[in-house]
């Protein structure tokens with residue numbers, strides 16, 4: 001007991017009633033200090049977990065290390081190509097920023113893309129360059145390992161969020177569903193803006209004011225959402241219902257806008273404007289240009305279109321895979337506070353369905369939301385839990401390994417062969433490569449890291465409004481043999497190496513024979529050849545006869 005309380009006791013013992021009464025009155029106004037107990041028995045469970053040594057990101061360090069190790073393994077077990085943007089809109093741009101050579105697609109000349117995301121990889125490239133370690137393999141794998149690390153952090157954040165909202169058992173099943181999702185495995189280590197959007201969305205959800213959350217922070221979550229919007233402007237689509245809900249439930253709406261959303265949005269947008277000003281050389285609002293092209297003008301249809309129901313009939317079921325029945329089951333079991341997550345999923349599917357150009361990766365950011373409902377399903381399964389878990393794990397394992405190691409790997413493997421053309425023959429400056437495939441089928445200088453003359457078939461969209469517009473690739477595939485004979489009218493203009501899909505070989509065989517090309521390498525690509533894409537990738541080499549071939553660009 002503190003000294004003032006003892007003194008009051010002494011006053012009472014003196015026997016003077018008036019003094020005693022006065023002393024008691026004085027004591028009532030004094031602060032009584034109690035000694036704090038140091039026993040751990042008096043700490044709450046939350047306080048104990050916060051005091052555990054060895055925790056990172058609020059979770060056990062072993063859980064974090066396991067997740068990181070799994071995503072690193074994930075990274076090395078994905079050796080296939082998915083879409084051109086994972087190279088052409090990130091690594092290729094970063095390579096151009098640091099090494100001053102590389103190819104910038106039409107999106108960059110039209111300023112539809114921002115430099116914020118490529119700047120991450122450009123920073124990695126610059127560090128490797130300064131250390132003298134900018135080998136082609138490190139340039140390929142370090143960015144992917146960085147993306148894998150960020151995805152691991154997002155996975156742990158999803159686990160932590162569900163442990164706050166429910167309990168550890170529920171969190172484990174959601175975590176299990178997230179880790180064994182074949183599409184997450186397929187995408188989460190790729191250098192796609194969609195992957196970064198998904199990572200930022202999961203981490204932002206951790207700080208979002210969901211009912212029962214103990215980690216809500218308006219500044220943190222709005223900052224992450226703003227960054228996701230800067231990197232990929234369509235991130236505003238899944239966050240629209242979430243932001244609207246927060247605004248409606250917030251009692252101090254004006255304070256939320258003036259002291260949280262506006263400052264965060266202004267700082268983030270200003271940062272984006274300054275970065276793009278440095279690299280474009282002029283002030284550019286790329287987010288507006290991006291939305292104008294893809295949403296308002298809907299010019300993305302140049303790269304293909306699908307019926308309005310595609311996401312519901314094919315896209316969404318495919319990325320969910322064998323999680324689909326558990327997702328449906330979980331939607332009926334989950335409490336009302338998770339209704340906002342389901343609304344977000346449906347809203348995202350509906351909005352994207354109104355755009356003609358559709359891709360699986362566009363709806364990837366809402367896939368973790370679905371894992372919450374899948375986890376609810378597994379939590380409530382009793383009789384069939386073990387068979388369900390085995391089915392879910394094995395089916396996703398097969399899909400993950402097939403799509404990661406087999407399907408569409410030829411266009412990546414062939415770049416290793418092109419690397420050897422440059423590094424094994426430094427004394428042959430005449431070597432040149434022509435990729436005669438649908439445009440952007442292969443990576444480019446980011447996967448060669450050598451200023452080798454290379455060319456590919458161009459396919460920019462029509463921005464002038466021509467009714468019968470055909471790009472270079474379309475013209476080529478109308479009559480490949482005639483195109484080659486017109487384009488390369490003399491031997492001096494012929495490239496030393498041609499890269500083609502196997503489906504094209506028979507059609508241009510006369511040109512290959514007359515120009516003295518011999519097949520020197522074959523790479524498996526896919527079991528599902530379609531249209532202009534063949535089952536194998538062929539490399540043809542032309543032997544030089546004392547002349548330097550200068551490929552026509």
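Each residue, glycine too, has its Cβ placed from N, Cα and C.
Positions annotated as transmembrane segment by TrEMBL: 61-82 (among others). Within the chain carrying the transmembrane segment (61-82), a Cβ under 8 angstroms from the stretch's Cβ atoms is held by residues 54-55, 141, 144-145, 147-149, 151-152, 155-156, 159, 179, 185-190, 192, 361, 400-401, 403-409, 411-412, 442-443, all 6 or more beyond its ends.
Note on the transmembrane segment (138-158): residues 57, 59, 63-64, 67-68, 70-72, 74-75, 90-91, 94-95, 120-121, 124-125, 128, 174-175, 178-179, 188-191, 195-196, 198-199, 202-203, 205-206, 368, 371, 446-447, 449 of its chain, located 6 or more positions outside it, place their CB under 8 angstroms from a CB of the stretch. Residues or ranges marked as transmembrane segment in TrEMBL: 138-158 (among others).
Annotated transmembrane segment per TrEMBL: 222-244 (among others), in sequence order.
The transmembrane segment feature in TrEMBL is assigned to 256-275 (among others). With a threshold of 8 Å between CB atoms, the same-chain residues lying at least 6 positions outside the transmembrane segment (256-275) that come near it are 114-116, 119, 218-219, 222-223, 226-227, 229-230, 246-247, 250, 283-287.
With a cut-off of 8 Å between Cβ atoms, the residues of this chain six or more beyond the transmembrane segment (308-328) that come close are 177, 181-183, 349, 352-354, 358-360, 363-364, 367, 370-371, 373-374, 377-378, 388, 391-392, 395-396, 399. Taken from TrEMBL, the feature transmembrane segment applies to 308-328 (among others).
Annotation source TrEMBL lists transmembrane segment at 340-356 (among others). Tertiary proximity for the transmembrane segment (340-356) is limited to same-chain residues at least six positions away from its ends with a CB under 8 Å from its CB atoms, namely 210, 237-238, 240-242, 245, 294-295, 298, 300-301, 305-306, 308-312, 316, 331, 334, 362-363, 365-366, 369-370, 372-373.
Per TrEMBL, transmembrane segment is recorded for 362-381 (among others). Residues of the same chain lying 6 or more positions beyond the ends of the transmembrane segment (362-381) and with a Cβ under 8 Å from any Cβ of it are 154, 158, 162, 169-171, 173-178, 181, 183-184, 187, 194-195, 197-198, 201-202, 205, 234-235, 238, 311, 315-316, 319-320, 323, 326-327, 329-331, 333-334, 338, 341-342, 344-345, 348-349, 352, 388-389.
The feature transmembrane segment is assigned by TrEMBL to 388-406 (among others).
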